[in-house]
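For reference, the structure is listed below as structure tokens.
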Amino acid sequence: MTEVLWPAVPNGTDTAFLADPGSPWGNSTVTSTAAVASPFKCALTKTGFQFYYLPAVYILVFIIGFLGNSVAIWMFVFHMKPWSGISVYMFNLALADFLYVLTLPALIFYYFNKTDWIFGDAMCKLQRFIFHVNLYGSILFLTCISAHRYSGVVYPLKSLGRLKKKNAVYISVLVWLIVVVGISPILFYSGTGIRKNKTITCYDTTSDEYLRSYFIYSMCTTVAMFCVPLVLILGCYGLIVRALIYKDLDNSPLRRKSIYLVIIVLTVFAVSYIPFHVMKTMNLRARLDFQTPEMCAFNDRVYATYQVTRGLASLNSCVDPILYFLAGDTFRRRLSRATRKASRRSEANLQSKSEDMTLNILSEFKQNGDTSL
């Protein structure tokens with residue numbers, strides 16, 4: 001099953017171009033339009049696969065991400081105090097992931113509803129804004145975690161003052177400010193648009209009207225909040241691996257946690273972040289510059305691959321809790337202790353309720369004068 005769609009048109013624009021028989025929407029019943037027509041524009045062909053892949057991935061991410069990050073936040077708040085510097089970064093990473101997974105039910109419904117958005121323009125903007133805040137917030141907090149571990153492994157004595165919790169708190173506040181300010185243009189670029197068949201789309205990028213300026217903005221954020229952090233992370237990990245090879249850390253917990261950190265973070269980048277940014281850039285270029293009849297089939301393949309990477313980009317919310325468990329400071333040990341304590345408390349409560357029930361039964365028998373017991 002395939003669905004051929006003309007590009008959606010943004011809400012609230014002039015209808016003059018829409019009435020033009022030469023426009024893609026010329027004979028449609030749509031009541032709004034994009035700004036300026038191009039000589040030729042490829043019609044987007046969506047396959048049935050795209051309607052089911054993303055909601056399936058989002059359901060998986062919501063279930064695993066909600067449970068994993070809920071447990072992580074519970075652990076950091078109630079069982080990990082006093083926090084170390086790396087715990088501060090991991091808590092903020094868990095918080096960013098948790099806020100993102102809370103937005104997924106609306107997206108899941110959107111795709112099961114044949115990509116017809118019913119929640120309004122403001123909710124669409126908020127949805128896309130939170131996705132990008134999570135995406136780049138996660139990247140920057142992973143960079144902070146990597147730099148923190150690098151300082152602890154390569155310069156264990158010199159970095160004692162720099163690795164204090166207070167400094168980590170200041171850096172975390174700065175990261176949130178950078179991300180929120182840097183991503184705030186998404187609130188302008190994203191939004192809803194009306195398709196030819198009167199269904200409403202929620203742009204994951206922007207409408208054709210603002211596409212060229214959005215491409216420039218997207219490249220700036222990609223360089224500043226993806227490429228630069230990736231270079232820093234690779235540099236940190238290269239020096240960490242070198243230090244682990246030349247230092248006598250064969251059986252130390254620091255060596256084990258550092259190795260886990262390198263493996264998990266590089267896996268997240270290789271699976272989630274790198275494919276997403278590559279295909280997002282290619283998709284934007286295709287929409288801008290590859291609008292010829294010969295390129296339409298290629299554009300469809302680029303768009304389909306981009307949709308796959310959108311699902312992969314959300315998987316980091318599932319993987320990050322594994323990072324806390326394997327690479328965090330005493331997280332696994334304290335989680336085990338907390339679950340044992342909760343289990344003992346549950347057993348004690350159950351035993352107490354059982355004893356209370358027995359006493360109540362005996363009391364009722366005595367009040368009724370029954371001495372058969």
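In case you wondered, yes, glycine gets a Cβ from its N, Cα and C as well.
Candidates considered were Cys124, Cys144, Cys236. The record in Swiss-Prot pairs Cys202 in a disulfide bond with Cys124. For Cys42, the partner cysteine in a disulfide bond according to Swiss-Prot, taken from Cys236, Cys296, is Cys296. Per Swiss-Prot, the topological domain holding Gln50 carries the same name as the one holding Asp300, which places both on one side of the membrane. Rounded to a whole value, the Cα-Cα separation of Cys42 (disulfide bond) and Cys202 (disulfide bond) is 20 Å. Per-class residue totals from DSSP over the topological domain 'Cytoplasmic' (238-260), listed helix then strand then coil: 17 helix, 0 strand, 6 coil. Cβ environment of Tyr306 (ADP binding site): Met279, Lys280, Met282, Asn283 lie under 8 Å away, each six or more residues apart in the same chain. The Cβ neighbour count for Cys202 (disulfide bond), using a 10 Å radius over every protein chain in view, is 24. Between the transmembrane segment (88-109) and the transmembrane segment (215-237), fewer than three CB pairs separated by 6 or more residues in sequence fall under 8 Å, so the two stretches do not touch.
Across the candidate stretches 52-74, 126-147, 304-325, the maximum count of CB pairs under 8 A to the transmembrane segment (215-237) is reached by 126-147.
For the ADP site, whose annotated binding residues are Lys46, Tyr203, Asp204, Thr205, Asn283, Leu284, Arg285, Ala286, Arg287, Tyr303, Ala304, Thr305, Tyr306, Arg310, the maximal Cα to Cα separation is 18 Å.
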